[in-house]
C-alpha cells in the first residue's frame, strides 16, 4: 500500500511517512473532495453562485481539451488530482484555506531553537544552543556568555536551495506520535535505514548522538556536572509550571536520568517534573501562552559519509524537558547531521529552516501540510517573496535592526482578484465615522435608544476594567491637569462677571457635571472642561445685561435651559448622525488649533509672571546697601482710594505707613517708593527665573519619563510604571524641589470654603427673576448660537476620541453624550454654575494615558498597540476629587503654578503627535529622497499633497485669527464652515486622492459603492453571455509572460542542477553499502 493511503489508515498509530523523490513537486496533488469543498475558489472573473458547475470543464472541445484531459489523467496519483500548472503561491493559498476538524493542525506561536553538536577533547559530546528565534534571530556571541541583540535574519540563496533539496530528498514524518526523544530518534533512523539512506552500521552511533545532553546558553557549565542547592527564589517556583506545558502532551525529561543509567550524559526515557533552576524565567515571560517549540539539530559526525536529514511534526506536541531552552511542548524537529568539513554549511541550512519557521505564511503551511510537496511549495512561495541584496553592495555580517512596523502578510495568504489586487492588501480602507452609531434610525430618540442598548452590557465591566495601576496613574495626572484650568477659568469668569460666577462655582460645576457624565455618558473617556468660546459668550452676555439693567444670572439661566431643550431636540432627531461629515480634514484642523492654543497659553502665562515678579535690571552692585522700598501715603489718591477710606472710616494721617507690611500697604492703597520697588511692590528676587526653571524642567522631565518605557535601563515592569506615572512623578518632584529651595514661587490658589462667591446669590437661580417675562422667550435667540457652540465643541472632540485608530471595543454613544451634556447644562444654568463641554486636549491626554500595549513581545519586536483601557473610573475619580479640593487646600497650596503651566505645554505638544497635518508640513522642507515612506506619498502626487496641506493650513490660520479676536463667539460657526470647505475640495482632488489624504464624505462613499456594484453587474452579464470561466488552476498563467512558476524556473538554474547531481551521487554511493557488506 502506498504512503498516501497509509496516511489515512495509520494516522492514529504512527507518523505519515512521505518518501522523497517519487513524485514531482511541479505536479500538485489535491483531493477531489478538497477541491469541491474548499472555501476558496481561484477564478479569473466573478462567478455567479449556483447551477453552472457542471458546465465548466466541457465548454471547450477539440485537441487541446483532450490533451489537457490526458495530462490530468496522467497526473492522478493516489486518488488525488493535480492541477498541472498551478504556482506555489496558489498551492499555499489552497493549503491555508483548508479547515481541519482536529485541533492538532491549528497553528500556534512558535519558539525555534538551533542546537549544534559540540565535540571537545577529553569531554563527551553535547548539543549546544547557538541561536534562537521568537520573532527575530538572536545568536549566542562567540564568548558564549550572552545573547546578541535581536536582528533580522539574512539568508544566502544557496542555503535556501540546499534546504529545499533536504526537504525534497530527506525523511519527512508528519503527525508522528511519540513520547520521548528516544522514540523520535528510533522512528527517524528506522525510516532512514529502510529507505537506504543510512547504513545499519552507523545507526547506533547516530542514535547515541541524537540522545546527547543539551546545554543551553543560560546554564552555567558547572551546573551540568554538580548538583547545586536551589536558591530561595527558585524554591517558590517549583509548582509554577506554565499552563501550556501539560496541555498537549506528557512531561518527558531527558536530563533528570535515574542513577542506575550508565551513561549520565545521555537522555533518559523517564518522566519527571521540570527543573526550573535551569529555565530562563525572564525570557519565558516573552513567550506567548500556548506557544510550541521547533527544535533544529545540526552538526558534523566523523563517522558519516552522507547527510542524515529529517523533518518531523509531532502530533500531539510533547514536552521534551531539556530539549528546548524553555519548558514548552515541541511540535517540530529538523535534524541535519553530516560528514566533517561542512559545519558552516549545515549551520546556514539550520538558520534557513529556523527563519522559515518564523515566517508567518510558512509557519502556517508547516502546521497544515499533508506531505513533503506542501512543504516544498511553502519554501518556493517564500523564495518567490524574498528580496535579494547584491553581494557587492551589502556586507552579510552586518546585522539589520528589527523594523518598527512589520508589513502585513495577508496578501500572501489570500488569492488575488481579477484586477490584480489582493482582497485584503492595500485596498482603500473605509475611513471616517460610518459605523452603526451614526446611522440615522428615522425614529424618535432612535439613536439614543441604540446607544443605551450598546453601552448597557459594558456598564459593570467599565468599573472592573479599571483595576489597574495604569488607571491610578492616569487619574493622578489628569486631576492635576484639570484642576488648574478649571480654577483659572473660574477666576477669569469672576473678573468678567464681577464675582457672580467664580472659582468655587467653577469647581462645583465641573465636579458635578464630570461625575454625571462619567457615570452615564456614552464615551466616558471624554473629559469635560471649559472652553474659550463659552468664556467669550459669558463676557458678551454680562456686558449686555449691565447696559440694559437685566439680571445676568436669570437671563443666563433662561438661555441655558433653552440650549438644553434644543440639544435634546437634536438628540431626538438623530442630528448627531451629521458627525459623519466631519472628516480627518476638519478634525485635524480643530485638534491642532486647540493644541496650539494650549502651548501658546502656557507660554503666555509664564510670560505674564514677569508683570507680577519683574526683573530688577541695571543694578549697581556697589549701591545695594542703599536700595530700599518703603510704603508711603499716596500723594494724589484716586477716587477709588478715597471711597475705600470713606467706606471703612480710615484716616490717612492715622495710618503708620512706614511700618506696614507689603500686603497691608496694598490693602490700605498705599504707594511703594524706592529703588528696590517694582510696579506692584518690592522686587522679589529670583522668582521669575525660578519659575522659568520649574516650567521647562516640568516639560523636559515629563517627556523623558514618558519615554522611559522604551529605554534600555531597569526591568520592563519598572519602566512601565515610571512611564505611566510620568506626569505625577514630575509634579511631585517639582513640588518637593520648590519646597526645599524655598523661593516664593506663585502657588495654586484653591477656595477654602464651600459657599457662593457673592453673598447676594444662592445655589438656585430663577430663570425669570427680576427680568421682564419676555426675556424668557427672547432667550431662545442666543440659545441657538449656544446650541451650535455646544454641539460642535462636544461632537468634534467625541469624533477625535472615537477614531478607529484607537481600536475601541465597547462602542461609542454620540447621542447619549449630547444628552448628558444637555441635561447637565440645564442643571448648571439653574444653579448659576459655568457650562462644561468636552475638552479636546484633556480628552486626548486621557486616551493617551490609557493606551494598552502587548506585554508579551518577542525580543526585538515593538510592542503592539492593543487599544485603550475603556472604563469610567478615572474620569469619575478625577471629578470626585475635584469636588473635594475645597478640603485639600492645605496640600494643594504647595503646587507651583509654573509646574502646571509646564504640564499644559506638555499636554499640548504630546497631543500633536499623530496629527498628519504636521507630518505633511515637514515635507515642504524635505528633499524627496529624505521624505518618510508615508502611505499617501505612494499614491498621491507630491504637489497634490502640498496643495491639500496649504488649504488645511490656511483654514487653521483663519480659525486662530477668529479664536483670539473679539469675534471668538462665531468660532463654532467657522469650524462648521470647514465641512463645506472640505466638500469643495472634491472639485480639486479625485476620490482616490482624498481617500488617501482624508476620509471620504458620505455621498462620495455612496457613489463609490454604486460604481462598484455597476461594474460587478456588467462583469457578471458579460460572463453569462460568454458562458466561460477561466480558472488559474487550468494553466492559463503560461499565456502571461509576467507570471512565472518559481518552482519551474528554479529547476532550470545551474545551482539547483548542481544540487540534484550531488544528491544523485550520494544516493548511488549509498546503494553500494549492501554490496560492501
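Note: Cβ is positioned from N, Cα and C throughout, glycine not excepted.
Of all ranges given (559-582, 631-654, 655-678), TrEMBL attaches the label transmembrane segment to 559-582.
TrEMBL lists transmembrane segment at one of the ranges 513-531, 532-550, 589-607, namely 589-607.
Looking up the ranges 611-629, 706-724, 725-743, 744-762 in TrEMBL, the one annotated as transmembrane segment turns out to be 725-743.
As annotated in TrEMBL, transmembrane segment covers the listed stretch 968-985 rather than the other ranges in 896-913, 914-931, 968-985, 986-1003. Across the candidate stretches 559-582, 725-743, 813-837, 873-895, the maximum count of CB pairs under 8 A to the transmembrane segment (472-494) is reached by 873-895.
The transmembrane segment (725-743) makes contact with the transmembrane segment (873-895): 3 or more of their CB pairs lie within 8 A, with pairs spaced 6 or more apart in sequence. Sequence-distant neighbours of the transmembrane segment (945-962) (same chain, 6+ residues past either end, Cβ-Cβ under 8 Å): 585, 588-590, 592-593, 596, 917, 920-921, 923-924, 936-937, 968, 970-971, 974-975, 978, 981, 985, 988-989, 997-998.
Summed and averaged per residue, pLDDT over the domain 'Band 3 cytoplasmic' (108-396) gives 75.
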